Amino acid sequence: MRRSNNFTNLLEPIMPKASSIAQAKADKRAGKSPSTQAGHFVRDEIEAVRHGKHGVRSAKQAIAIGLSEARRAGVELPPKASTKSAAAKSAAKPTAKTAGEKTPRRPSSESTAKRRSAAIKALKRESTAGASHQASSTQAKRAASKRTAADRSAAAEKAARTKGAAGRSEAAQKAARTRAANKRAEQKPR
């Protein structure tokens, strides 16, 4: 029988599944984008919340946790919007002389493990409503509404490039069928 302590149990929801890592690696070999690779981790996170392992404030937070797991698992996602490069951070920081500080601030004495367990305890207090189908749908609509026509067009062009000749041909035939069906529907008398 495996012995488990409370701390390991607390970390359980945050650890990515082995199957997600394997799927992401397979996606990378297939040449799929990092966001596709990260999708497995996001889906796992939403499932974890739905099963009651912990809660989230919103669907956006569940997605953020999933993306964070993906980054930790080695998926080459772009950095979070709030993070800057080390060079930019050091350039923005005033020197000790100009700031009037004699000694730099001491790093936090609180351990990473303590901070992490506190974060997980806070998540456990949150509701699971943030990962509901309705919340996910609302988040998807909000994200889609922020995309411009140019964004959508660029995504379609990239998809066409990665599809291959047979895939492009199939997609073109489907598009032609859809156009024909729409034309027939418009011409039908009401």
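Backbone N, Cα and C atoms are what each Cβ position is placed from, and that goes for glycine too.
TrEMBL has this to say about the protein:
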- 78-98: compositional bias 'Low complexity' (COMPBIAS)
- 99-108: compositional bias 'Basic and acidic residues' (COMPBIAS)
- 129-139: compositional bias 'Polar residues' (COMPBIAS)
- 148-160: compositional bias 'Basic and acidic residues' (COMPBIAS)
- 161-175: compositional bias 'Low complexity' (COMPBIAS)
- 1-43: region 'Disordered' (REGION)
- 70-190: region 'Disordered' (REGION)
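Long-range contacts of the compositional bias 'Basic and acidic residues' (148-160) within the same chain: residues 168, 171, each at least 6 residues beyond the stretch ends and with a Cβ under 8 Å from a Cβ of the stretch.
For the compositional bias 'Basic and acidic residues' (148-160), residue counts in helix, strand and coil come to 12 helix, 0 strand, 1 coil, using DSSP.
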